[in-house]
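Annotated in TrEMBL:
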BINDING   B:Cys87, B:Cys90, B:Cys127, B:Cys130  Zn(2+) binding site
BINDING   B:Glu102  Fe cation binding site
There are 2 protein chains.
Amino acid sequence: MTDHRPLTRNQALVLETLTACEEPLSAYAILDRLRGEGFRAPLQVYRALDKLLQTGLVHRLDSLKAFVACAHPHEHGGEATVAFAICENCARVWEFSDSTIEDRFEAWAKAENFLTRATTIEISGLCAACREAGAPGEPGQPGERGA
Amino acid sequence: MTDHRPLTRNQALVLETLTACEEPLSAYAILDRLRGEGFRAPLQVYRALDKLLQTGLVHRLDSLKAFVACAHPHEHGGEATVAFAICENCARVWEFSDSTIEDRFEAWAKAENFLTRATTIEISGLCAACREAGAPGEPGQPGERGA
DNA sequence: AACTCCGATGTTATATCATTACACTAATTG
DNA sequence: CAATTAGTGTAATGATATAACATCGGAGTT
Ligand SMILES: [Zn+2]
Ligand SMILES: [Zn+2]
Ligand SMILES: [Zn+2]
Ligand SMILES: [Zn+2]
């Protein structure tokens, strides 16, 4: 199923950009950072992202409309359900999974005869560092997304 | 916190539109359905939605970029974490909550000292009816979203 | 009534996110 | 070689969401 051919130049550049960045980046923010490498159009980014999403090297955060490199020690091929905690202040992301949570979702699906294909879990809030440093709105370090 | 003043005309119209529809609707789909009532611009819809989202009468499904009326028997004011199961074939949505799941998220947050503000859970797949009727991709009844 | 405040409204323009369409290149394979 | 497949470059377009500004109307005061 997982195709795993080596990454192309565009795919590698997009992945490097995301890996080098602590925060999620929008597709257009990635584009801007890769103009020096010859990127000119959104599609070049979106197409690379499509592939990286398929292979699990990158995740899309629906609540931010942005993308992050997978930073989780787990193997994503195993299709484990992953949750993302996103700090609204510094924009950092934590990936974690919990087998009990997975079990409960499976139980619900079984009871309802629902065939699960994908599960999206995103938690927004304040990370430990930002709780101490600043306040729930006061930017400690704003952590600008985008350009 | 919850303001609960009576709904304005625009808010009521948007809510009625969503309630009358079995599927989630995009803001622009709502706009199209309300042109007969005098709606002309996206902002009229988005502003009404903002209020309805605040009061919990409507939910936004990030994975669909669409909105649904709250159909859950629960009281949303209680801030219970709700999960949405979305059929990719017929677009119908099921809302449910599970205290064990909530407990596990709380446990993670406590361990990480993360202050949770909102939790988004969306499960995509095939509902029981569509599993029997059709196939995992073959449209039994496509269930067109949007216009 | 006149004044003020505040939430809602109407309208135009703009920003942001994502895809369609088409022509082309490179590697693979029979 | 021809056929297939994935990837690429470019322009145009579509879909989703917000900014900015003027106005309106009710509630509470004076
Ligand atoms: Zn991951
Ligand atoms: Zn933080
Ligand atoms: Zn609800
Ligand atoms: Zn269905």
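In case you wondered, yes, glycine gets a Cβ from its N, Cα and C as well.
With a threshold of 8 Å between Cβ atoms, the binding-site residues B:Cys90, B:Glu102, B:Cys127 that neighbour chain A are B:Cys127. Under 8 Å, Cβ to Cβ, and six or more positions away along its own chain, B:Cys127 (Zn(2+) binding site) finds B:Ala85, B:Cys87, B:Asn89, B:Cys90, B:Arg92, B:Trp94. Cα separation, B:Glu102 (Fe cation binding site) to B:Cys130 (Zn(2+) binding site), rounded: 29 Å.
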